[in-house]
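*Asks:* Provided herewith is a single structure, encoded as structure tokens, for subsequent inquiry.
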Amino acid sequence: MSPSRPQHAAPNPNRNITAVRTVRFWAAPLVITLALMSALCALYLGGILNPMTNLRHFPIAVVNEDAGPAGAELAGRLVNGLDKNRFDVRVLTRAAARHQLDTGHVYGSVLIPPSFSSKLRDLGTSAMLPGPAERPVIRISTNPRAGTLGASIAAQTLNMAMGVANGEVGERLLAQVKAQTGGAPLAGAAEEGLSSPIEIESTVYNPLPDGTGNGLSAFYYALLLLLAGFTGSIVVSTLVDALLGYVPAEFGPVYRFAEQVKISRFQTLLLKWAIMVLLGLFTSAAYLAIAHGLGMPIDLGWQLWAYGVFAIAAVGITSSSLLSVLGTGGLLVSLLIFVILGLPSAGATVPLEATPPFFQWLAEFEPMHQVFLGARSLLYFKGHADTGISQALIMTTIGLAIGLLLGGIVTHLYDRKGFHRIPGAVEMAIATEHQAQHKARQSKHERTGAAAEPESSAESPSEET
């Protein structure tokens, strides 16, 4: 191993309080903190302020079960009437639409029933001939399990689109009836009914049960998992370093160093990783117990506990590696990755399809989005593979591997290159001790010599006698 390389400045007893009057002393904390908070503000507000303006490829489904021409015409109006860049309108069968609703792949759907054309025709006939007639019913279903705001956007969009289509269908139907009656005036009620012939019914598909916070429980649970890993890594790193004697421990006015343990950077990181895994085991269990006690519905308890352990350990290990590799800067990098960039790109409170493109790009690899997908799948979608849990497991595994490799390789290189935690501390302590012992022996020798000199002087006269 190469000799230790001192990387710290020696104490300067002549440096007084005037050091705080330098520009660097005040500028460094102000500039760094201001930059972080400005980024936080821009990212958070920029992602939520204009969801309708930011819509891109927002997925909704159109189901046409009508065999007649009116159903196909209405489906075409819906598909062509919505901006193709803002909305991803999927014409599906009823079974396919149900599957996409069940897996959270669409936020809402429109169902055109099999009797749509016949009921629309009968409604027009009833304006000319006596007899009962029913208005055709179009059902709009929203999917709050995919996202509460997403379901609201889907309901607003589909109701507006159906309102426009209803008026267009009414104009055409009214023109057909007037053509058949030779332009004879119709009764006011009949004309009003024909001008708006479709009844629009809004329903919630598979509504969320009580105790889910209107669809926010998955987001907050995912946030708890991520914070357990991120915050836990900071606490664990600080305490481990203090207990090993590499950073001071402060308890109120008490400031002390523990007895320093001779241990490498890599071995220290292994200890932190092990503690994070143990922390994940207990914290995930505590979360489940508290959530259950507060009334949150949990159908897959063991699976949610296991994924919670995995997510906490992965985030904690990666954050610990960043702290070990970058030192104090690792705290800022971890904060940036896991919190500042993670929350606005989670896709939990605001759908990713309603955020600027930058956030969709971030969501491809940001840990917060992956943890949210896993928690939402287990809490709302029975943990099926295509509801996000598979992606969450794969991406979490990749993140864990990156954290292990980064921390393991770099700290091992630091050790091999001689960049120890406190460079030269052991050698300096040994040298100081040796110097103190040498001075003590020298002082003792001088005192012994001084005491022997008077005795020699006192014996000289007797010898002469």
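Glycine too: its Cβ is placed from the backbone N, Cα and C atoms.
TrEMBL lists these features:
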TRANSMEM  25-49  transmembrane segment
DOMAIN    31-385  domain 'DUF3533'
TRANSMEM  218-248  transmembrane segment
TRANSMEM  269-290  transmembrane segment
TRANSMEM  302-323  transmembrane segment
TRANSMEM  330-352  transmembrane segment
TRANSMEM  392-414  transmembrane segment
REGION    433-465  region 'Disordered'
COMPBIAS  450-465  compositional bias 'Low complexity'
*Asks:* Quick check: do the transmembrane segment (392-414) and the transmembrane segment (218-248) share at least 3 Cβ pairs under 8 Å, counting only pairs 6+ apart in sequence?
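*Replies:* Contact criterion not met.
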*Asks:* Against the transmembrane segment (269-290), which of these stretches has the most C-beta pairs under 8 Å: 25-49, 218-248, 302-323, 330-352?
*Replies:* 302-323
*Asks:* Go through the chain and flag residues at least 6 beyond the ends of the transmembrane segment (302-323) whose CB is under 8 A from any CB in it; none is fine as an answer.
*Replies:* 222, 225-226, 228-230, 232-234, 236-237, 269, 272-273, 276-277, 279-281, 283-285, 287-288, 330-331, 333-334, 337-338, 367, 371, 374-375, 378-379, 383, 389, 392-393, 396-397, 399-400, 402-404, 406-408, 410-411
*Asks:* Grab the same-chain neighbours of the transmembrane segment (25-49) for me: Cβ-Cβ under 8 Å, and only residues 6 or more beyond its ends, written as numbers and ranges.
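*Replies:* Here the qualifying positions are 19, 332, 335-336, 340-341, 343-345, 349-350, 355-356, 359.
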*Asks:* What residues elsewhere in the chain lie close to the transmembrane segment (330-352), defined as a C-beta under 8 angstroms and at least 6 residues from its ends?
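*Replies:* Sequence-remote neighbours of the transmembrane segment (330-352) are 32, 36, 39-40, 43-44, 46-48, 51, 58, 107, 146-147, 149-150, 153, 216, 218-219, 222-223, 226, 229-230, 233-234, 315, 318-319, 322-324, 359-360, 362-363, 366-369, 372, 376.
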